[in-house]
Amino acid sequence: MTQITPAPRPEDLRELIASQMHLEGPLLPILHAIQESYGHVPQSAVPLIADALNIGKAEVHGVISFYHDFRDAPAGRHVVKICRAEACQAVGGTAVAEHALQRLGVEWHGTTANGAVTIEPVYCLGLCACAPAAMVDGRVVGRVDAARMDELLSEAGA
Ligand code: FES
């Protein structure tokens, strides 16, 4: 289950940023450290990171949105990832994904209104032999058709 913590304080964010500054190319480690602590990278962290690294805020935003692992808002209580890579798409993964999004009434990266489930795309879970594949809170699930997806979403409270 994904942990949701209160809004981070600027001094705590600065401390986390400072703890990664010794690394070469510290931007990704900083983003990982913040997401690990807070479950997402809050908007308020962006100017602090930009200042610390002497880069533009747009650059920080660009990296956050480029990497699918980072989120800019807290996740729901459960995170369901659906594989969108080729092997899964070839055997019905696209239909499963569309079914899930439609059932939940959200777009990719969206969270259901009750806060139960956040849905994320993922690009190969290493489970191609059992495609279509999904992952629920870090647990991989193979051969997911629409009915199995419904079960997984129901179990997650969506
Ligand atoms: S392509 Fe989906 S698990 Fe590999």
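Note: Cβ is positioned from N, Cα and C throughout, glycine not excepted.
Positions annotated as [2Fe-2S] cluster binding site by TrEMBL: C83, C88, C124, C128.
Cβ-based neighbour count (10 Å, all protein chains) for C88 ([2Fe-2S] cluster binding site) stands at 27.
Counting every protein chain shown, 27 other Cβ atoms lie within 10 Å of the Cβ of C83 ([2Fe-2S] cluster binding site). The most densely surrounded of the binding-site residues C124, C128 is C128 (count of other Cβ atoms within 10 A of its Cβ). Annotation note: C83 ([2Fe-2S] cluster binding site) sits in a strand segment as assigned by DSSP. In this structure, C88 ([2Fe-2S] cluster binding site) is part of a helix by DSSP.
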